[in-house]
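Some features that Swiss-Prot has for this protein:
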type: BINDING; residues: 111, 112, 113, 114, 115, 116, 117; note: ATP binding site
């Protein structure tokens, strides 16, 4: 790390990039970055920190910079290209993260689903008991002075997490996703097993995942779940409209009764993983209980607001398994209300590869609406549309546009769940605006 340089982030509004920028800023380094001008949910944290965010322009690149390049951008990006031509140090995001975690007790959280929620929960709990730095995929990052722990989200896309060698790893699940890169479940498993062989102390893995049960590694693997064969087990789970309580056992030793104000079975499992890490780091269980009960969640993961007589939930879910978990959480908290799903499919390749599974998960809602497919920077077109998915949905499937969100006005005293990893929030904002105007008119 160099105090004389300015760290310039190409794509600073990316969720991981913004978190990394905040960490370096906290550590006292000079930080700036560039990105698209469109507003993103990560932007607020950068603005509050006073970090300069510029529009993309090769004129941003000059002597004295160390460039950290976001993984969405190729080496042909004008800023990255100019930096290389000038001989400036250029790191990819995951490479820089691999160097940054050295010198701490590091815990990487990997998995096709549940990474961000579990990373956020672990960061919150450990921060409450010891100095902790963290990087979360919701754009949150903190570089705490003299930190004992470094908690980070380990992204499997293009095997980027292999640039890190953590002390511990939590593996929430292995599932087929990112079909633009991975060829199938065996390819995904191969990436996770390679990561497992880089872990230094121990792995905490969900016991009901058949792929995770196959892991071959040089360090112990501790399984967590609800089965008698799991090393860390949740028993007597009670789910209510205020959250969940459960007893935790480790090899039949009772560790305590825990309470979380989170919803869905997946959050009980995420909490178990956090408890397991804390146990091996000899953290007091009473402190863990307090911190777990105090956690409110991470950005864009079951984020709620009330407007008129409606409950609006914003969630990052963009894979069938995530949609199922989010709708399960909504049912737990609002068992007597109608659940309406508004889903923005994310990337053409994922929509094609998982179409039947998307339809199956979405049909768990009482009514389903879709938006057009969100195309990523890596994939701008494809041979599929939301209409193809709509044909497989039995609970509706009408396609909404930002200019006309009025079909949602047919629902009253209900829950609308907006899901997607693209810009689904613009549909959410359009609906909220429509609802607000209607409320004012009626009053």
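Using N, Cα and C of the backbone, Cβ positions are placed for all residues, glycine too.
The Cβ of residue 113 (ATP binding site) lies under 8 Å from the Cβ of 172, 173, 175, 266, 319, 321, 322, 325, each of these being in the same chain and 6 or more residues away along the sequence. Sequence-distant contacts (6 or more apart, same chain, Cβ under 8 Å) of residue 112 (ATP binding site) comprise 156, 172, 173, 174, 175, 176, 177, 188, 319, 321. DSSP assigns residue 117 (ATP binding site) to a helix. Report note: the ATP site is defined by 111, 112, 113, 114, 115, 116, 117, and the residues of the same chain whose CB lies within 8 Å of the CB centroid of those residues, excluding them, are 109, 118, 172, 173, 322.
The binding-site residues listed here are 116, 117; among them, 117 has the most other Cβ atoms within 10 Å of its own Cβ.
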